[in-house]
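> This is the structure, below, for whatever I ask next.
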Amino acid sequence: MSETSRISSFGGRRAVPPNNSNAEEGDLPTEEIHSLVPRGINMEDFLNVTNVHLFKERWDTNKVDHHTDKYDNNKLIVRRGQPFYMQIDFNRPYDPSRDLFRVEYVIGRYPQENKGTYIPVPVVSELQSGKWGAKVVMRENNSVRLYVQSSPECIVGKFRMYVAVWTPYGILRTRRNPETDTYILFNPWCEDDAVYLDDEKEREEYVLNDIGVIFYGEVNDIKTRSWSYGQFEDSILDICLYVMDRAQMDLSGRGNPIKVSRVGSAMVNAKDDEGVVVGSWDNVYAYGVPPSAWTGSVDILLEYRSSENPVRYGQCWVFAGVFNTFLRCLGIPARVITNYFSAHDNDANLQMDIFLEEDGSVNSTLTKDSVWNYHCWNEAWMTRPDLPVGFGGWQVVDSTPQENSDGMFRCGPASVQAIKHGHVCFQFDAPFVFAEVNSDLIYITAKKDGTHVVEAVDPTHIGKLIVTKQIGGDGMKDITDTYKFQEGQKEERLALETALMYGVRKPFNTEGVIKSRSNVDMDFEVENAVLGQDLKLTITFQNKSHRRYTTTAYLSANIIFYTGVSKAEFKKETFSVMLEPLSFKKEEVLIRAGEYMGQLLEQASLHFFVTARVNETKDVLVKQKSIVLIIPEVIIKVRGAQVVGSDMIVTVEFTNPLKTTLQNVWIHLDGPGITRPMRKMFREILPNSTVQWEEVCRPWVSGPRKLIASMSSDSLRHVYGELDVQIQRQPSM
């Protein structure tokens, strides 16, 4: 192939091939001579660099001031827009009146100044805000100390560094030295950075905290599990840059948090781009790790980098945990969000359409929308110069592969403020997120003659509660009001009408159906239930009129995935109830353990759907509820000195509470700053038997830490335990 045809094959009028890999390199020449050097002139006689000091140790001022001292990485890591120190040693004293030099930063293979991939940093008398520059702050013997400032808009990644010296005959440049490589990250501490966050406690939580809490379960039975983000662990920063390389993201776009978070939301799932985690919701995990077994992101990211293949398996909280690591590692403030009763709007009409048969059972053929017990996504903090003023701040970014967005499975960033007010016209994917938190639940009877009749509308079921971890603690923070106005307020209906105005059409007329037309109310409660035990469901009917009514009720009990999709109906029952005037009546249904245990899924979720038709008025009453069975815990104990550098013994134990033997049991243990992620297999655990696993750990990070353990087996999963540990510093000698 000729040189001309090779260059043109890169497409169009592009001057150079795409520059989309931080890992690829192209060295700058050590000499750029632009005129003949007279005989007898030795270029070595000019100012020459003998050494460069970057003050890159964990305790040095560069890493401490830039809040990068926690990274387990021996290179210099700084945040953009904020000055840092370096020292250059020359072969003789530097004379500013006759010597001219500059620092140069290069990223990728085809550096260009106009793309931000080649950055010449001039030596200036005073640093200017928002601009690259280097100021001499000290001259001593043959050394010069510089105070270098980067642009708050510069590319985020790993740069190669050179020092270039001018001579009358050309440029002398230092050789490529990996020891001077410099990572530049987003900077929430810099007012000029697009991710600037002005609250120090929020920065400590949403950027520097490497252990989080993820909420799951059911809105009336909220469960928690800690997650090790591990954004400072060895190799994780390089892996986050590798993720963008795998996405073939152009380097010039890597300074924009909007683009970085959008690429990240696509790459954390493996659906269409060989991304990090393979999603699976079918309860079959034969070729990988069950989602509930993971204790953090580090194992997943290390496996992804070493194998260069997607890791199996994840569900929404795994995607959210890994994505949070990616964002925080690069310096973008981020948090994990849980939305209880989260709608998955398949047909983009901003409502959940539940189709019923005439007998009250769900028509699974027509019902395409689903309501997840909960769904986890992320919020990332950034300005949105592409949107009108007021829509910056927290943005929804979701890496769980649900719907296609611009040709890939990804979601966001979508402004939380825009979602609250129904402004779903603003990119990216705001209509989908709006439906997740603020759509109405519509019950529609599919008649045998082909007609559809809207029976009931529940405007309060979806987005019942939206939470995240509180700042500085493990408790829950309710942030529902950041996404939606209070149910029933005029503003809440106005937000829905605004969303519908932006081109989304409701297919069914629900006017006049919002309020119940019946004099009969129906509700039911399910008692707290322990895995493997019977439970009781109580249905209550209330007749508020002076008439006598009869109702025909239908109960459907299902094993469900937490996504709201039914795996199997394990019980159904039809019964009639006569209601005397102004009376209550209760019906009790016993659910035996043997009815549900054989088909139980990993999150032990049961879903109950009750419909009742008032025979005299033909009104339909509908209620649905889910419960999560109480499952056993893993117990963690420690003994020995809890001191940095000292051995301590960690014991993990688990007792099988079931009447059956557990097969192929894996126990995972993790503890950021205490131990690397590890796991151990037990072939089986007999009923009521206890297994123990001991490991000797040597902590390397002081302060409050967590030990996290999970247990998974063929028939029981989502078993979990944790222990708070206070690690002391090494005593000074």
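In case you wondered, yes, glycine gets a Cβ from its N, Cα and C as well.
Because TrEMBL annotations are produced automatically, they should be read as predictions rather than curated entries.
Pasting the feature list from TrEMBL:
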REGION    1-29  region 'Disordered'
DOMAIN    308-401  domain 'Transglutaminase-like'
ACT_SITE  Cys316  active site
ACT_SITE  His375  active site
ACT_SITE  Asp398  active site
BINDING   Asn438, Asp440, Glu487, Glu492  Ca(2+) binding site
> Within 10 Å of Cys316 (active site) (Cα to Cα), which of the recorded positions His375, Asp398, Asp440, Glu487, Glu492 do you find?
His375, Asp398
> I'd like the Cβ neighbour count for Asn438 (Ca(2+) binding site), meaning other Cβ atoms within 10 Å of its Cβ, all protein chains included.
23
> List the residues in the vicinity of the Ca(2+) site, defined as same-chain residues other than Asn438, Asp440, Glu487, Glu492 with C-beta within 8 angstroms of the site's C-beta centre.
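Neighbours found: Ser439, Pro459, Thr460, Ile462, Gly463, Lys484, Phe485, Arg493, Ala495, Leu496.
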> Rounded to a whole angstrom, what is the C-alpha distance between Asp440 (Ca(2+) binding site) and Asp398 (active site)?
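Computed Cα spacing between Asp440 (Ca(2+) binding site) and Asp398 (active site) is 22 Å.
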> Using C-alpha atoms only, work out the spacing between Glu487 (Ca(2+) binding site) and Asp398 (active site) and round it to an integer in Å.
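Taking the Cα atoms only, Glu487 (Ca(2+) binding site) lies 25 Å from Asp398 (active site).
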> State the Cα to Cα distance, in Å, between Glu492 (Ca(2+) binding site) and Asp398 (active site), rounded to an integer.
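It is 24 Å, counting Cα to Cα.
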> For the recorded positions Cys316, Asp398, Asp440, Glu487, Glu492, which Cβ has the most other Cβ atoms within 10 Å, all shown protein chains included?
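Max Cβ neighbours within 10 Å, all protein chains included: Asp398.
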> Between the Cα atoms of His375 (active site) and Asp398 (active site), find the distance and write it as a whole number of Å.
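That comes out at 10 Å between the alpha carbons.
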> Fill in the CA-CA distance, Asn438 (Ca(2+) binding site) to Asp398 (active site), as an integer in Å.
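That comes out at 17 Å between the alpha carbons.
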> Just to confirm my parser: what is the rounded mean pLDDT across the domain 'Transglutaminase-like' (308-401)?
91
> Would you mind checking how many other C-beta atoms are within 10 angstroms of the C-beta on His375 (active site)?
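Excluding its own Cβ, the number within 10 Å is 27.
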